[in-house]
C-alpha cells in the first residue's frame, strides 16, 4: 500500500498544504522546527487517529484555530481509498470514502504504518510505558478487536481508580462496586493479555532472524513478556481469569491504601534478551539499537503476513542516529517494496541507491518545494 497524496488544513504549523508522493521513497528535508516532523506526524495521525508525539489532540490544531483536518488518498492492491480525519476540541471524527465512521476502531488499520523515530531507540532502555505503547499501537493495526478491549479496559480502569481514591476515606460502603469493576477489568484484561501473547509470539518469529542477520550471526534475540501477575502463555482464558481474581483479592487493601490499581495489563512490561543477557541492563548501546531496529523491521514483515500488503514506513530523523552498517541494513531491507518517508536536515553522508530516485520535499516554515532527484 502507499499514500499518493495528502491535504492538511490548520494542522500544526501548516495553514494549508496539498502534496503528492512517490510510491517508493520520499525524503523530507528541512532545518529543525520548520515542519518536517509535523508532516511526518500528519501521515501517522491519518493512519492511527492519534499522534506518536502527544496525547493532547489540541496541540495538533494550528494556533488560534478551532479545528484541524488531514485528508489522504490511499492506494491498496485492489482499491483506492480516501481517508479523512477531523480534529476539534470535542474530539476526532474519521471518514472513509466520505462515510463517517461510528468508531475510530473501525477506521484504524485501514492504512498501516510503521514509525521509526529517535525515541524508538529508547524502546529497549526506556520506561515500561514506552514498551506497552509499542504493543498497543502495533497490535491495534492488525487486530481491531484489541483496540476495543483496550478502550473498554481503560474506561473501567479510570472508574476503578476513581473509586479506590474515594475508598481511602471510607472503604466499607463501596466494596460491592469495587468487586464489579474488578470483574470487568479482569474480563477485558484477560483478552488483552491473550492478544499480546499471540502478537509477541509472531514478533519473535520475525525479529530473531532479522537480529541474527544484523549481528552477522553472533547474537540471538529473545522477547519475553513480563505480566504483573503470575500467568503464562500456556494458560487458557479461564485459568488466567482465576489468577487475576486471586491476585486482586491479595492486593485489595494495598490498592485502597494507595488509591490506584496495582496489577493488570497497564502494569506489564517487555524484556529483551541477547544471548541470554538482559539488553536493558547488560547490553551495549549498539546491541540496544540493533534490538530496536530488529523490532521495527519485524513489524513490517509481521504486518505484511497479516494483511498481505506492506505498511508505509516513516523514518523520522532516525538515519542519522544509526551507524553506516545499520543504516545500510535498514535501507537494503526496505528497498523497492515499502513506501518510505525519510526526514532529515541533510542527505549529505547518506550514500545509498534507495535515496537516489527519491522525491525530495524541502520544508521551510510550513511551506514546501518538491523535486524528483534522479542523480
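Using the three backbone atoms N, Cα and C, a Cβ is placed for every residue, glycine included.
Annotation note: residue 34 (ATP binding site) sits in a coil segment as assigned by DSSP. The feature ATP binding site is assigned by Swiss-Prot to 30, 31, 32, 33, 34, 35, 36, 37.
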Residues close to ATP site centre defined by 30, 31, 32, 33, 34, 35, 36, 37, Cβ within 8 Å: 38, 345, 363
